Amino acid sequence: MPLACFTCPNHCGGRPSTASSRWFTSLPFWLYSTAMSKTYSSTPPLASSLSPSPFFCFSDLVLAFMWASAQAFRMSPIRRKEFPQNLKQIIKDEDFVGLDVFICTADPYKEPPMNVVNTALSLMAYDYPTEKISIYVSDDGGSVLTLFAFMEAAKFARHWLPFCRQHNIMERSPHVYFESISHHPSIPQFEKIKIMYEDMKMKVEQVIDKGAVIEEYISDDQQHQAFNKWTKSFSRMDHPTVIQVILDKSKDTDISGQLMPNLIYVSREKSKTSPHHFKAGALNVLLRVSAVMTNAPIILTQDCDMYSNDPQTPLRILCYFSDPALKSNLAFVQFPQRFHGLNRDDIYATEYKRLFKINSMGFDGLNGPNYVGSGCFFRRRALFGGPSTPVPPEIPELGPDHVVRKPIISHEILSLAHRVAGCNYENQTGWGSQSGFRYGSLVEDFYTGYRLQCEGWKSLFCNPERAAFLGDVPITLFDVLSQCKRWCIGLFEVAFSKYNTLIFGSQSMGVLMSLAYSHYALWPIWCIPVTFYSFLPQLALLNQVSLFPKITEPWFFLYVFLLLGAYGQDFLDFVLDGGTVRKWWNAQRMWMIRGLSCYLFSSIEYLLKSVGISTHGFSLTSKVVDDEQSKRYGQGIFEFGVPSPLFMPLTVAAIINLFSFLFVLTQFFSGKNTEGLCLKMILTGSIVLNCLPVYGAIGLRNDAGKMPTQITIISTFVSVALYYASSLSL
């Protein structure tokens, strides 16, 4: 009786997976610029003072590497299918393994507690023995508001969980369920449950607005004692450990009499004099605290805004973890990140179709997908050394084989849990280097998955038809680019570490996996060709210096063939994977925008950091939705609004390319050198088309999301300065 299977198109005759990267886009540039180097000798004498050859050759090298590394994803893509309906015929309820769920949040104002609560409730309501589930909430902001929200959620869960089981509800996030259906008379108690949810939501939001727990909402001495831990000396970056057992599966039951899952609030100790390692540090604290309290063999790491969309998800992963042929070296099962609330055309390309789905299938055909931070089920043992080289923890209670025999609210358990959550506990230990989630990068997920696979572990990609998890996406361009810039800095930290993906990676897990990881670790270097091709040919054009072949020259047809062929294949793969024409076009546009903003700025910031110049630290992406911004996002209107330097290179490129395109049109209609204008019109015209939202934000809008005036003014001066500088150099 099968539990899971996979199809490999290279061997099974299935439709080839679109496990490709942006090599389709880079290939024409690569060959195009390689061929262009052959035309430099025909460049007019004016260009002899500053030849563009070195810049384009450097771009060629970058594009060639990105093209080559992306081929690893196309070697052996895999599609898998699970049969969870067969699992319960093989495993009895009492034999199901324990599941510890880690949810991380850090700021009640950027990550609203009601979002975190809905995520937790959807996970508590899994179709899985509830006494086997433990939910750990890491509050790195140390906020009493978050604790209050979860205490209220625990009360509501006593009604919500049996309601979901009784009526086999699929959307087990209350917010999503009540948003999707306003009235359902066929379900008993629907209105009662909805009123209870709205009452809980009102209390939590009132407490958030007030910034403190309202006295009338404190119902018992246990809550008083918990909230009294927030003294006047308690601050976000300096406070003692707070561990609060909100629900205890050994005694707490729902209204139907069934045991509830554990629900445990954890705010680790913070000190301004001790490093805290951001999210990786919070996850390691949860790893240790959970080991002391429950020590489940399987761990789910989940973002606070990504709720469960399929209550059978744990059964799906057990199909793999229970397979004798896989479980000896299977470290984790990764689900794709998928999102609700995307506008129709996904104007910011925040679906990241290649990153989270297409390339993951290609990864799966090698050694397994990379860890992407959320929707990932780990084998606890994998976080303590390689499959054949375990790393024993400093105390036996933290070991993956330790059996917890005492109640989680016992003095011994709570005392030890507080101890291992201390900010100095990791001193002189291997946490973050040899065991646990790894330190050294802002993208702790990418780095941890990479290090585990270097140690000999494998992973699997599980992509069921119904999304296992759904999350929120940023709805402003600034948030999208800021998030991506943070990722890029973290990726550089991996690429240039002693565990770099090219040398160390190839030695540890082979050339193909090394290339696949290097494609992402060096993701920000896309800024090099994007920036050069967005400025140099256009400035040369305005100074009447030709860098392109004429329509009668053989190289012209090669450029056109490669350009149309490559973009055509990229378009075909995107559409076959469920994309639309407009979404594909927006993905191309955002590639250019990221190249001129977050890729460029992250490269500069990492370089400054490397030479000892201080830069901005970690920052959260806001999950708060503004009504006006949400309305514009739904209409497909780009949101600028913030006077951020991230927008400046993009605006300068938009201005220079617009004038270059107008100059080309002037030459065309005047009949001057029409043979050499075609490629110039294609390049400048495509960039102008991509920049239409920028032009609209500069001159056609009066709403709060328009381009800030200071950005427009500064960009105009920079554009003029670049033109005059190029006229003196060329």
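Backbone N, Cα and C define each Cβ position, glycine as well.
For reference, TrEMBL has these:
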TRANSMEM  517-536  transmembrane segment
TRANSMEM  556-579  transmembrane segment
TRANSMEM  646-665  transmembrane segment
TRANSMEM  677-695  transmembrane segment
TRANSMEM  707-725  transmembrane segment
Determine which recorded stretch among 646-665, 677-695, 707-725 has the most C-beta pairs below 8 angstroms with the transmembrane segment (556-579).
677-695
Given a Cβ distance threshold of under 8 angstroms, which distant residues of the chain, six or more beyond its ends, lie next to the transmembrane segment (677-695)?
347, 533-534, 537-538, 541, 548-549, 551, 556, 559, 563, 588-589, 592-593, 637-638, 650-651, 653-654, 657-658, 660-661, 664-665, 667-668, 707
Any residues 6+ beyond the ends of the transmembrane segment (707-725) with a Cβ under 8 Å from its own?
535, 539, 542, 640-644, 647-648, 651-652, 655-656, 659, 694, 697-698, 701
